[in-house]
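As recorded in TrEMBL, the features of this protein are as follows:
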{"type": "DOMAIN", "residues": "33-186", "note": "domain 'Yip1'"}
{"type": "TRANSMEM", "residues": "46-62", "note": "transmembrane segment"}
{"type": "TRANSMEM", "residues": "74-93", "note": "transmembrane segment"}
{"type": "TRANSMEM", "residues": "105-131", "note": "transmembrane segment"}
{"type": "TRANSMEM", "residues": "138-160", "note": "transmembrane segment"}
{"type": "TRANSMEM", "residues": "172-191", "note": "transmembrane segment"}
Amino acid sequence: MAEAEESPGDPGTASPRPLMRDLKAVGKKFMHVLYPRKSNTLLRDWDLWGPLILCVTLALMLQRDSADSEKDGGPQFAEVFVIVWFGAVTITLNSKLLGGNISFFQSLCVLGYCILPLTVAMLICRLVLLADPGPVNFMVRLFVVIVMFAWSIVASTAFLADSQPPNRRALAVYPVFLFYFVISWMILTFTPQ
């Protein structure tokens, strides 16, 4: 009997093609967030890989370095993870209840990918915190967090605003503002032990 040969892209093979395809798709979505413009690409081809990577990265960077992390007052990994995902689900349900024409997972995708500027802000703040603490250090971190907070808002509203009825856009954007504000506040108030 002749054995059937599997093509390089079949699920039964160890081919890196599907992985590279997914990584390229995640990279393209990151570029859409970095250069926000009205586009349906992020909405049409949704996935949750990028939001998962960003959420885990942000939660890991917000971890304290102390051995006794229960007494340091900082957020634990699970707390950050729950805040991000619960906030995104709440905003998505709000959008659907206001009559938005975006699917549940499309909204989660957009909100998750738009955490990218805040993740970059956290990385910059961690680097700035390596210097001596003081008022200049805080002002630099404040400036970076404000700019990246605004970037997240602009990027997410560029994708989500058209999915809402015109008379309810403000009601849909306000929770997005609060969501990114809470994450920004966690980044700004982070201090390593």
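Even glycines carry a Cβ here, placed using N, Cα and C.
Caution: TrEMBL annotation is automatic and unverified by curators.
Here the listed stretches are 46-62, 74-93, 105-131, and the one with the most C-beta pairs under 8 angstroms to the transmembrane segment (138-160) is 105-131. Mean predicted confidence for the domain 'Yip1' (33-186): the pLDDT average there is 85.
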